[in-house]
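*Asks:* Okay, handing you the structure first.
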Amino acid sequence: MKIHEYQGKEILRKFGVAVPRGKPAFSVDEAVKVAEELGGPVWVVKAQIHAGGRGKGGGVKVAKSIEQVREYANQILGMQLVTHQTGPEGQKVNRLMIEEGADIKQELYVSLVVDRVSQKIVLMGSSEGGMDIEEVAEKHPELIHKVIVEPSTGLLDAQADDLAAKIGVPAASIPQARAILQGLYKAFWETDASLAEINPLNVSGDGKVTALDAKFNFDSNALFRHPEIVAYRDLDEEDPAEIEASKFDLAYISLDGNIGCLVNGAGLAMATMDTIKLFGGEPANFLDVGGGATTEKVTEAFKLMLKNPGLKAILVNIFGGIMRCDVIAEGVIAGSKAVNLNVPLVVRMKGTNEDLGKKMLADSGLPIISADSMEEAAQKVVAAAAGK
């Protein structure tokens, strides 16, 4: 789950991280009111969407008068903001953050992530803040420094000080940087975050260290422990299909391709998408119906996939372990009839009650294309999507 910058800064404040004064605004008049409350002479008007690259897309403006705050708020609020993370369609800006201006001397980068290789939390830092960190990692990997944090001890003073020095924090400002890094770590740990990022971490001309941006992602499996985080959820920023899928306990993620995928098990789902791509196709979604799929869930899965206007074919790939193939077959038949399926459907199933499931599909009268292996299924669905 993602949250907005202003919400991330609320979390950082709770853990003692220095951030500029600012508030969200949902209208132009509210933006002006917030600016007047903050006082000048400089304000930053920021679009609030769940994507990076807002500045390059025109979603962050520096205002030097109340009139400019009004002008920029009017420009940004309601705009379709396109960044490298939104795709060409962009995201509509429904809220702003109005923040006091900052004296920027150094822009640094720090973040915390879970490293699956070391199975530890990793603190990363770079002197190249304010930029796309993926670009820095690709072109100048030597500028990214890492510290492995032991969960049993947390981020030690020496570790924080060492990283701060390596990324260019002046010696006199290292105690401030240490407090921010340790506060960021505590926020990451105590909220079950999967990402906590400050980009940029600013060092001002007088040596003051502040977090000018805040980005958090949270582990959805841990949200039951954090109702205060769930309260931050903004459904306007989420894919409507993914919201609908969550109501039926379906793991669904929209993609850019034209081949729908309905699979049981996340690992098999990813392998299925890889195989489709291997044969020249493009998956339209990730969809895991899980081990307890019912006819209703399969029907809803078909409805979700068919909401994609670019869908050209569907591949159902089932391994019947916990989930029986005859139950899936029943769901496929009911789902196909319920939605008046009008795109080619390829089905491959193996495992428990496989023969019964295949017979049910064959006797259904539906134009289902059967396959015995994942490779055959992928080849057939790619051909079907291409109209061959």
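Cβ coordinates are placed from backbone N, Cα and C, and glycine is handled just like the others.
In case it's useful when we look at the structure, here is the feature table from Swiss-Prot:
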DOMAIN    9-244  domain 'ATP-grasp'
BINDING   K46, G53, R54, G55, E99, A102, E107  ATP binding site
BINDING   N199, D213  Mg(2+) binding site
BINDING   N264, G321, I322, M323  substrate binding site
*Asks:* Could you check which of the binding-site residues N199, D213, G321, M323 is the closest Cα neighbour of K46 (ATP binding site)?
*Replies:* D213
*Asks:* Rank the binding-site residues N199, N264 by the number of other Cβ atoms within 10 Å of each Cβ and report the first-ranked residue.
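*Replies:* When each Cβ's neighbours within 10 Å are tallied, N264 tops the list.
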*Asks:* Are there residues of the same chain, six or more positions away from A102 (ATP binding site), whose CB falls under 8 angstroms from its CB, and which are they?
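*Replies:* Within the chain, A102 (ATP binding site) has Cβ neighbours under 8 Å at P20, V44, N202, S204, T210, L212.
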*Asks:* Considering only the binding-site residues G55, E99, N264, G321, I322, which residue has the minimal Cα-Cα separation from N199 (Mg(2+) binding site)?
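*Replies:* For N199 (Mg(2+) binding site), the closest Cα among G55, E99, N264, G321, I322 is found at G55.
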*Asks:* Provide the number of Cβ atoms within 10 Å of the Cβ of E99 (ATP binding site), excluding the reference atom itself.
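*Replies:* Summing over all protein chains shown, E99 (ATP binding site) has 24 other Cβ atoms within 10 Å.
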*Asks:* By the DSSP assignment reduced to helix, strand and coil, which category contains K46 (ATP binding site)?
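*Replies:* In the DSSP reduction, K46 (ATP binding site) maps to strand.
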*Asks:* Whose Cβ, among the binding-site residues I322, M323, has more other Cβ atoms within 10 Å than any of the rest?
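*Replies:* Compared across I322, M323, the most Cβ atoms within 10 Å surround M323.
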*Asks:* Which residues does D213 (Mg(2+) binding site) neighbour through Cβ under 8 Å, counting only same-chain ones at least six apart?
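*Replies:* Long-range Cβ contacts: E5, E197, I198, N199, P200.
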*Asks:* So what pLDDT does the domain 'ATP-grasp' (9-244) average out to?
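*Replies:* Per the prediction, mean pLDDT sits at 93 for the domain 'ATP-grasp' (9-244).
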*Asks:* For R54 (ATP binding site), identify the closest of the binding-site residues N264, G321, I322, M323, judging by Cα separation.
*Replies:* N264
*Asks:* Measure from the CA atom of G55 (ATP binding site) to the CA atom of M323 (substrate binding site) and give the result in Å, rounded to a whole number.
*Replies:* 48
*Asks:* Determine the minimum-neighbour residue: among G53, R54, E107, G321, listed as binding-site residues, which Cβ has the fewest other Cβ atoms within 10 angstroms?
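*Replies:* The binding-site residues G53, R54, E107, G321 were compared, and G321 has the fewest Cβ atoms within 10 Å.
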